[in-house]
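Here is the structure we will look at.
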Number of protein chains: 2
Amino acid sequence: MNIAILGYGVVGSGVDHIITTRGQNKHHVTKVWSRPNPKKQIPHLVSTIKEIINDESIDCVVETLNGIEPAHEHILACLNAGKHVISANKAVIAKYYEEFQAAAKKNDVQFKFEASVGGGIPWLKELGRAKRIDTITSCSGILNGTSNYILSTMTKEQADFEAVLKDAQALGFAEANPSADIDGFDVLNKIMITANVGFNGRVQAEDFLVCSMRPVTASDIQYFKNKGYTLKYLGQVEAENQQYEGSVMINACLEDSLEANTNQNYNCATLQGDTIGTLTFYGQGAGQFPTAHAIVQDLLDLESDRPQVNQELQDFTFHAKTKNNFWIRTNQQIPEKFIAGQDNQYSQLMPMNLIEFKENLLPLLKKEDLVVRMPL
Amino acid sequence: MNIAILGYGVVGSGVDHIITTRGQNKHHVTKVWSRPNPKKQIPHLVSTIKEIINDESIDCVVETLNGIEPAHEHILACLNAGKHVISANKAVIAKYYEEFQAAAKKNDVQFKFEASVGGGIPWLKELGRAKRIDTITSCSGILNGTSNYILSTMTKEQADFEAVLKDAQALGFAEANPSADIDGFDVLNKIMITANVGFNGRVQAEDFLVCSMRPVTASDIQYFKNKGYTLKYLGQVEAENQQYEGSVMINACLEDSLEANTNQNYNCATLQGDTIGTLTFYGQGAGQFPTAHAIVQDLLDLESDRPQVNQELQDFTFHAKTKNNFWIRTNQQIPEKFIAGQDNQYSQLMPMNLIEFKENLLPLLKKEDLVVRMPL
């Protein structure tokens, strides 16, 4: 099988390395398209994407570009040219999931994207398998290595956010602009893809409660630790009867939970199914070889699995039915009717669902204010 | 696809329930063979196994008997009659792995056994997938729900072994004769099957160091807790260049490790691969529906995966190359040259490999003596 790679950064070159060193002569990277990069020599480099799209000898295209365009355009062109596409690009998949699936179906090829959520963890594979038997009712997890590295380092070293972020940037664990990782948009993309796969549900970004992790301080961490909880940045989505709700926010996790003990840049992802119960997967959520490994697994599945047609998404409606136990730290005036209790700087809110929180509380809070969800 | 079930206990009837309620008319349980059971009405019951073996309309046989015979004989007869076989019976698989694989290959059918290790956790599936790309160097985990339930209850309630065992038996979490679960033979079977799948390695039961968990007391647990460790009963096997070593024993796990936080009857299993790094799977290691779920996953894989021929096992030689940090609690006289340090009733041994331990220490210890492996 001949393969082209779009993008030759950390992940793209990792895919090339794994295929070249372990392809057992069954797989060959024959062309690479990349933005011009004078810093490194790129093998098999072509100057235009057309040289890949029009090359009938290429069976599969691996897309490791970041961002929406030109990734969106190139993925569609490759699918429409009758090539399988494997993508690690969660932003473009979350946005164009249905368009890519439809194009794959029309052209009788596969669109695969294991590496887009949970890096090296076979999360989407096993979520899809569990769904064959079970109704999946909930998915949640630590799905961003950068924010988890920062938060677990703050917890371990009792350090504040800005100092740890700076270290993480120096070490290459956080980008110069870390917003997608720490303000929740990366996790939101991943939890939306998770909902697409786990529930066959069409979900809307604006329905989710997304709170940045920036407000967390070392003393917040200590305060909740004294209560037996570890603060973690979780994505979460629940569904029942085509209704759903979800969030990306700081959660207070029981200190003996797997989430509380998922440290450094590790990820963990958990599903709940009606016969399988709780199933959790833990591993490297990012990094060159774990991510490349997940892409090569998709590649091998093209041959080991019979072709599958993904079910079309159903309309899901947002329905905030669960009462949450929110705690906040703020200097703003909060109407008393929303306050269940107060302790030092922290207020426990009356139990409320996501809509009640978004409508009544969120407009009152400033960006430095902390929101934490505790178990009920 | 028509299916026969051998054994109609907790797991067998669970498989019937899942297939009947969710088979979407693609799968049908048409015959059941079981030991006579006057306590319950068994649907589709046949009086002799021949009625299944000779029935050409049956495509797949699910074996949920316990023990070696007649399971061994029946599995072979079904494979030789050209039927796929799915088994949950770790004892018979660990013993006859190669014979079953050879019979499946000869008859061009599949022999599948996901449920035999880790219950509902897709451990063997993902171990096999990881191996497609990586060299697997190590596998370990909490692979027995009964012993983990006992040990985690002892830890939580500061209770002693006998009292917790009695409660577990009353609750149905432990059998009247709990030996296989708490003396390590069940975990040994599972870790041997793991080695077969993960390394393609032919391993021998007698090479493993197997220590019962019976000697652990509440005060042992407390002693190691004070040092920052949680005692867990782990199976473990490592391999490199067709050499291997392994054990089933109490390990002192760092209190923030996933193993230390795997409680009740949950299992967790971890692999190490050279590109994927650490990958851990956590879920229900036993129980009616999780185990039945794993069996039905095998059934669905018969249709969704292209037929695969498992690689033949290679001869692996036992090679105790790793130095271990063993701690013991004993009243026996231990030669001073083996002792690195002493603290209360506990002796830390000089670093030694498995062979040194088995040859020099094991013969000196009595059954009430505790052996714990600490991280180096």
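Note that Cβ sites are derived from N, Cα and C of the backbone, with glycine treated the same way.
TrEMBL: automatically predicted annotations, no manual curation.
The shown structure was predicted, so the numbers you read here are calculated from the model rather than taken from an experiment.
Under the heading active site, proton donor, TrEMBL lists A:Lys190. Look at TrEMBL and you will find A:Gly7, A:Tyr8, A:Gly9, A:Val10, A:Val11, A:Gly12 tagged as NADP(+) binding site. Taken from TrEMBL, the feature NADPH binding site covers A:Lys90. Taken from TrEMBL, the feature L-homoserine binding site applies to A:Glu175. Here TrEMBL flags A:7-114 as domain 'Aspartate/homoserine dehydrogenase NAD-binding'. The domain 'Homoserine dehydrogenase catalytic' annotation in TrEMBL covers A:122-300.
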For A:Lys190 (active site, proton donor), just count the other CB atoms lying within 10 A of its CB, please.
27
For the residue listed as 'L-homoserine binding site', the number of neighbouring Cβ atoms whose distance to its own Cβ is within 10 Å equals 13
Of A:Gly7, A:Gly12 (the binding-site residues), the residue whose Cβ has the fewest other Cβ atoms within 10 Å:
A:Gly7
Tell me the Cβ neighbour count for A:Tyr8 (NADP(+) binding site), meaning other Cβ atoms within 10 Å of its Cβ, over all protein chains shown.
24
For A:Val11 (NADP(+) binding site), the nonlocal same-chain Cβ neighbours (under 8 Å, six or more residues apart) come out as A:Thr64, A:Ala88, A:Ala115, A:Gln288, A:Thr291, A:Ala292, A:Ile295
By Cα-Cα distance, the member of recorded positions A:Lys90, A:Glu175, A:Lys190 nearest A:Val10 (NADP(+) binding site):
A:Glu175
Which one is it: of the recorded positions A:Lys90, A:Glu175, A:Lys190, whose Cα lies the shortest distance from the Cα of A:Gly12 (NADP(+) binding site)?
A:Lys90
Sequence gap of 6 or more, Cβ distance under 8 Å: name the residues on the same chain that satisfy this around A:Lys90 (NADPH binding site), in order along the sequence.
A:Ser116, A:Val117, A:Asp186, A:Asn189, A:Lys190, A:Ile193
Per DSSP, how many helix, strand and coil residues does the domain 'Aspartate/homoserine dehydrogenase NAD-binding' (A:7-114) have?
45 helix, 17 strand, 46 coil
Those residues of the chain, 6+ apart, with a Cβ under 8 Å from that of A:Gly9 (NADP(+) binding site):
A:Thr64
All chains considered, the count of other Cβ atoms within 10 Å of the Cβ of A:Val10 (NADP(+) binding site) is 15
